[in-house]
Structures are given as C-alpha cells and as structure tokens.
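Student: A single structure is presented below for examination.
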C-alpha cells in the first residue's frame with residue numbers, strides 16, 4: 001500500500017540526514033531506509049510499505065500531504081515558480097501527454113520530467129535556425145533517451161520548424177507519420193540522428209563532437225571560426241547502463257571533447273521499475289573517472305536557475321566534456337503515476353490525464369498551445385536567421401582572406417561534393433597492385449584516397465596494423481591534434497560504429513570509415529544496423545574474413561557473419577577477390593552516401609585475376625570466364641566470392657581439361673548489389689537456361705542464403721577449428737578438387 005507522508009505532520013516518522021541524503025526512520029528503530037537520490041529542500045516523500053517482512057523503500061514525489069486521519073489530499077506541485085516558464089514547460093509536457101494518449105502508445109513520463117531542462121537549453125542556449133535545419137554551424141541536439149521522442153517533436157514544433165505540425169503530432173506513432181515512435185533523422189529535419197536503442201545517441205553525439213573538432217581544426221583561423229558549435233545530448237538511466245554509451249563516453253573523456261555537453265536525466269525509473277532493482281553505481285563518479293566535468297542539479301523539475309548555471313559552467317570549460325546530472329521526477333505532475341514505471345511506457349489514461357491537467361493547472365484543450373507560448377518560442381525564427389546571416393558574413397570574410405581553403409570548405413562542407421580525383425586514384429592504385437591479401441590492397445586504396453580526399457577520416461578498433469587502416473603521414477586524432485585523420489577507437493567496436501555514424505550524420509561532407517575483424521561485427525551489430533537504418537553511409541572495413549585466418553581458431557573465424565550481414569537492409573556486403581574488385585568496393589561506398597558498405601577482406605594472399613572487372617564488380621556479379629561455344633549455354637556455373645574466386649577458377653580449369661565441360665565462372669562480390677540490377681543483366685550473368693541444379697557456390701562461410709542462386713554448395717556450416725589457414729581450407733573442403741567434384745555431380749557427369 002502507499003502512504004503519502006509529510007514528515008512533520010506524522011508523529012510516527014522522522015526525517016534525518018544520512019550521507020547527504022534525506023532518509024526515513026520509524027521510532028520502532030526499523031532499518032534505516034536510504035532514499036533514491038538526493039532530495040531538494042521541501043521535497044516530500046513516498047513510503048512504500050512492503051507486504052513481506054515490513055520492508056520499506058523511499059522515493060521522491062511531487063509535494064503531497066497526508067493528515068493523521070485516513071485519506072490523502074494532493075497539493076499542486078510547486079513547479080518553477082515562474083508562471084510564464086511553467087506555461088512554456090507545460091506546453092511541452094501536454095503535447096507529449098496528448099499525443100501519447102491519442103496514439104494509446106508511447107512514453108509520456110520522460111518528456112514530462114525532462115521538459116524544464118529541455119526548455120532551458122532550447123530557449124536560452126541552443127543555436128539553430130528553424131527555417132534552415134541544415135545550417136552548417138548549428139548546435140547539435142541528440143535525444144539519446146529516444147523513447148521520449150515527443151519531447152523532441154514538441155520542441156521542434158514550438159520553436160518554429162516547418163514540421164512537425166500539430167497534425168503531425170496528432171499522428172504520433174501512426175503509419176506514414178514523420179513523428180515516429182523513436183526519432184528518425186531521415187524522416188524529420190531537426191532530428192540529427194536516429195535514436196531508440198539506449199546509449200546509441202550518446203555514442204553518436206560523441207561522433208558529432210569529433211566531427212566538429214576535426215573540421216574546426218581543418219578550417220578555423222584565430223579570427224574566423226567557421227565551425228564553432230556545441231553538441232548536446234540527453235541520456236536516461238537506461239543509456240547510463242548500456243555499454244555503448246560507456247565505451248563512447250570513455251573515449252570522449254580521453255579526447256577531451258570540451259564542446260560536448262550531456263544531461264543525465266536521473267529519474268531512477270526503467271521499464272522494470274525503480275533502478276535500485278539492478279543499478280546502484282555512482283554515475284557521476286564514473287564520468288569523473290572518464291575525465292568529464294560532472295555537475296549536478298538536485299531539483300531539475302523546479303530549479304531553472306540551477307539548470308542555467310550548470311549549462312554556463314559546462315560551456316565555460318572547453319578542456320573536457322561535461323555531464324550535467326539532473327535529478328527529475330518521471331511523469332512530473334501526474335498525481336498517481338509520477339515516479340513510477342507506470343508512466344514510463346504507456347499512456348496515462350483519460351482519468352489520469354484529466355487529473356494531471358488539474359494538478360498542473362493546465363486549462364487548455366488537447367493539442368492546444370497558448371498563443372503567448374508560440375509567440376515567445378518562435379522568436380527563434382528571427383534569431384536563427386540572424387545567426388546564420390552573421391555566419392554567412394563570416395564566411396565571406398574568410399573567402400576573401402583564405403580563398404583556397406574557402407573553396408575546399410564550400411566544395412566539401414557546404415556542397416558535400418567528393419574530391420574529383422577519387423576514382424582515378426582508385427583505378428591507378430588497382431593497376432599497380434599485384435597479388436596480395438585483400439586487406440593489404442585495402443590499405444593501399446585508403447592511402448591513395450587520403451592523398452586526394454581531405455574529407456577522409458577513420459580508424460580501427462585497436463586492430464589498425466591487422467586491418468591495414470593507417471593513413472600514412474596523417475597523424476593520430478588526439479586531444480592535442482584534432483586535425484589528424486587516424487582515429488584510435490580502442491577496443492570499442494560498438495562505440496566505434498556509432499561514433500562513425502555520428503561523424504557521417506554531422507552532414508558536413510566527411511567520409512568516415514571504421515574497421516575490425518569480421519568476427520567482431522558481432523559486437524558492433526546493433527550500431528551497424530542503426531547506421532544502416534539512419535542512411536548513414538559509412539565504410540565498414542572488416543578483415544580476417546574466413547577460417548583461412550588460421551591459428552586464432554573458431555572464436556575468431558567468422559562463419560555465419562556474411563549471411564547475417566547480407567540479410568541486413570541498406571547494407572552492401574562486399575567481398576572482393578582482388579585489387580580491381582577492392583577498388584570497386586571503395587567506389588561503391590563513395591558513390592552511396594546513404595548506404596553502409598561493408599568490405600570483407602582476406603588475411604591470406606589472393607591472385608590478381610587477368611579478367612577481374614572494376615565495372616563488373618560495381619554491378620555486384622559478373623562473368624570472369626566462360627569457355628562455352630558462341631550461342632551455347634554452359635554445362636555448369638561456378639560462383640565464388642573473395643578468396644574463393646581463385647578456388648573456382650582453378651576448379652573450372654580442371655573441369656575444362658579433364659572433363660571437357662563448358663564452365664562459366666562468376667564472381668559475386670556483392671549479392672545485394674547484384675539484386676539491384678535489372679532482370680536483363682541478371683539473366684546475362686546467371687541465365688535461367690542453366691538452372692540452380694547446375695550451379696555450384698563456393699564460399700568459406702555459411703551456405704545460408706545461397707539457395708536462391710544454386711543447389712550445390714562448397715561452404716562451411718559449422719564452427720571453425722584451430723590450425724594453419726591452408727590446412728583448414730583443405731580440412732573444410734574449400735579446394736578446387738572438391739568444387740570440381742560438386743560440379744561434376746551438378747552437370748550429371750558422376751564422380
């Protein structure tokens with residue numbers, strides 16, 4: 001049962017201070033009960049009387065009052081004490097409440113609690129132009145606790161963005177609406193990155209801050225700072241618990257990204273209930289250990305002055321990122337559901353909506369915003385236009401003083417055009433590159449691109465020497481050198497991927513890449529999926545792409561990874577066989593800003609084929625060789641990818657010599673890209689006259705997914721083993737003789 005208590009009016013309960021926290025203790029000397037979080041002066045308490053063993057927990061609620069007699073009466077919460085600020089803040093709250101109620105789906109609690117800090121930030125400190133959401137030097141804002149998406153939609157509407165309109169907000173969470181359940185950057189201008197998976201927004205915000213620091217170092221002068229903005233994010237208790245946020249925050253502190261400012265909405269509620277079920281660490285101490293400045297606002301629902309002071313303090317220290325821990329009450333204003341998980345992920349219900357309106361003194365109809373609030377907020381339209389105009393004037397001065405750098409800035413950052421020399425650099429590199437491991441080819445390609453593409457930046461998850469991703473002569477991106485291009489992500493695959501997506505979604509023309517072993521895409525998968533969903537066209541380099549990596553054994557040998565990555569929408573999984581195809585993979589990534597391109601590269605040497613084709617690879621699959629007479633179809637088609645193209649080429653030679661078979665060899669570096677081609681081209685490569693029953697696929701990975709093209713497979717459908725790479729390829733039957741054997745069966749020639 002719940003008892004709402006005012007300590008002074010209830011003789012059986014006293015309040016005391018314990019380690020800086022207000023606690024509740026009965027006169028029967030029951031066990032001391034620690035309150036969750038710190039209490040601001042005058043905050044009242046809720047005591048939950050347990051049903052087993054007289055257990056107690058204590059938590060914060062809006063001010064309530066109980067008398068010594070039975071019955072509970074509610075006192076309206078204090079709010080901020082500023083009537084007009086409350087009107088603006090409650091406009092945010094009730095747009096969220098009404099949208100969730102109409103949809104009968106969503107998360108009203110977070111916006112209700114976060115509204116004061118969001119209002120303070122957007123109203124006084126965030127620099128943006130509502131009528132040009134893509135203004136280059138705007139501050140970036142990321143809602144990492146993306147389930148509270150109505151907070152962001154309400155802010156965008158109130159501050160004058162063209163969308164969402166009130167009608168958009170009324171369509172919250174409906175099919176086809178721009179007001180999706182979680183913010184999606186490709187649907188709605190003003191949404192910088194797609195969030196929802198908790199912690200991902202924190203990591204992407206780190207990427208945005210890295211992009212700002214790098215571009216500032218590239219272009220700014222002491223007099224003209226073309227790139228000079230802050231990145232802000234709001235995270236919740238769930239974000240604080242997810243590892244990706246911890247990984248990224250650790251790196252941000254190491255890099256001393258001083259223009260990165262986060263708000264931790266410390267409401268201590270998750271879906272399961274109070275966080276003390278599973279989470280009791282000192283988040284502030286952790287972030288201090290990361291190297292962040294940590295500030296605290298004990299009463300984030302009432303004390304706007306403290307929020308303002310924390311933001312000013314955070315901005316004044318540009319030598320380290322800042323985390324502002326803001327203690328709030330989830331669902332603030334809801335008399336019966338505030339501070340409970342009931343308000344986290346469900347509509348309040350009609351009765352509670354009515355009670356909340358009464359409790360907060362909100363006299364307006366659903367979706368109605370007071371005119372004075374709109375007038376106040378939409379002054380930002382003029383302010384934003386003025387800020388952008390001042391920046392345009394700065395750019396003109398910069399152009400007159402630094403014409404060469406200004407031309408690069410306009411080409412790269414404003415127009416987002418790629419350097420005109422990139423394709424020639426790739427082709428020239430391919431022409432002079434011989435037989436070698438495709439990871440080595442990739443390293444040569446990256447350096448060829450870096451020589452002509454100042455927009456390139458990237459690195460590896462502590463595997464740069466193995467991934468061959470170091471850009472020679474371009475330095476290590478560090479707290480002392482933001483201009484350098486080699487990112488050292490450390491052993492942080494998930495954060496690396498999200499950060500790389502954030503760099504891309506800064507939308508200032510940068511060409512970011514990241515790298516790891518193919519097997520470790522397992523660690524990165526959630527963030528890789530989010531990058532693909534976000535249409536963030538990053539280049540993801542993976543090496544050690546099969547059991548041929550050898551002695552590291554099955555823990556490091558990818559089997560199912562190619563198949564699972566090919567199943568991921570908006571990803572081109574590209575497994576090149578040699579330099580020409582590797583060049584095509586990079587070209588694919590440069591041409592597609594909205595698709596993830598994942599390169600799967602070998603540790604072992606591959607041959608450079610005389611008949612491999614850059615143009616053919618850019619169509620996903622092509623004919624490498626075919627000895628069929630003119631006008632005749634082959635007896636059998638052999639399909640290979642990556643290093644196994646060498647295997648099927650040799651198998652074809654055996655079949656042509658020893659069995660007099662007409663054999664077509666097809667290289668298919670990118671299954672998804674081949675699917676993009678028209679039916680005529682697909683028929684020219686894999687004619688229907690040669691059915692699946694007469695086709696063999698060879699790939700040193702799972703056979704899953706290949707049945708669309710063939711009925712016969714030389715693949716690996718079990719985990720790998722420890723041993724030398726060549727021995728393992730023989731052990732698993734990835735050999736020309738085994739492919740030839742399968743081909744004879746397919747062609748009806750027996751064994």
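From the backbone N, Cα and C atoms, a Cβ is placed for every residue, glycine too.
The feature substrate binding site is assigned by TrEMBL to 107, 344, 439, 466, 544, 552, 556, 603. Feature annotation from TrEMBL assigns site 'Important for catalytic activity' to 107, 344. What TrEMBL lists as thiamine diphosphate binding site is 147, 196, 197, 198, 238, 267, 344, 520. Positions annotated as Mg(2+) binding site by TrEMBL: 237, 267, 269. Residues or ranges marked as domain 'Transketolase-like pyrimidine-binding' in TrEMBL: 436-608. Annotation comment: TrEMBL describes 493 as active site, proton donor.
Mind running through what each feature is packed against?
Tutor: Within the same chain, residues at least 6 positions away in sequence whose Cβ sits under 8 Å from that of residue 544 (substrate binding site) are 439, 466, 517, 518, 519, 552, 556, 558, 602, 603.
Over all protein chains present, the Cβ of residue 107 (substrate binding site) has 26 other Cβ atoms lying within 10 Å.
Listed in sequence order, 146, 242, 244, 526, 527, 530 are the same-chain residues at least 6 apart in sequence whose CB falls under 8 Å from the CB of residue 197 (thiamine diphosphate binding site).
Taking a C-beta cut-off of under 8 angstroms and a sequence separation of 6 or more, residue 269 (Mg(2+) binding site) has the following same-chain neighbours: 109, 237, 275, 330, 339, 340, 341, 343, 344.
Around the Cβ of residue 493 (active site, proton donor), the number of neighbouring Cβ atoms within 10 Å comes to 27.
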Student: Per the record, substrate is bound by 107, 344, 439, 466, 544, 552, 556, 603: how many Å separate the farthest pair of Cα atoms?
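Tutor: Taking every pair of listed residues, the largest Cα separation comes to 48 Å.
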Student: Within 8 Å of the Cβ centre of 237, 267, 269, which other residues of the chain have their Cβ, at the recorded Mg(2+) site?
Tutor: 236, 265, 266, 268, 270, 274, 275, 330, 344
Student: Can you count the other CB atoms that lie within 10 A of the CB of residue 603 (substrate binding site)?
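Tutor: Excluding its own Cβ, the number within 10 Å is 20.
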Student: Fewest other Cβ atoms within 10 Å: which of the binding-site residues 267, 466 wins that one? Let me know.
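Tutor: Result for the binding-site residues 267, 466: minimum number of other Cβ atoms within 10 Å at 466.
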Student: Do me a favour and check the Cα-Cα span between residue 198 (thiamine diphosphate binding site) and residue 107 (substrate binding site); whole Å is fine.
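Tutor: One finds 14 Å between the Cα atoms of these residues.
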Student: Within 10 Å of the Cβ of residue 344 (substrate binding site), how many other Cβ atoms are there?
Tutor: 23
Student: Let me check the 10 A CB neighbour count of residue 198 (thiamine diphosphate binding site). How many other CB atoms are there?
Tutor: 22
Student: Looking at the binding-site residues listed here (147, 196, 267, 520), whose Cα lies nearest to that of residue 493 (active site, proton donor)?
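Tutor: Result for residue 493 (active site, proton donor): the nearest of the binding-site residues is 520.
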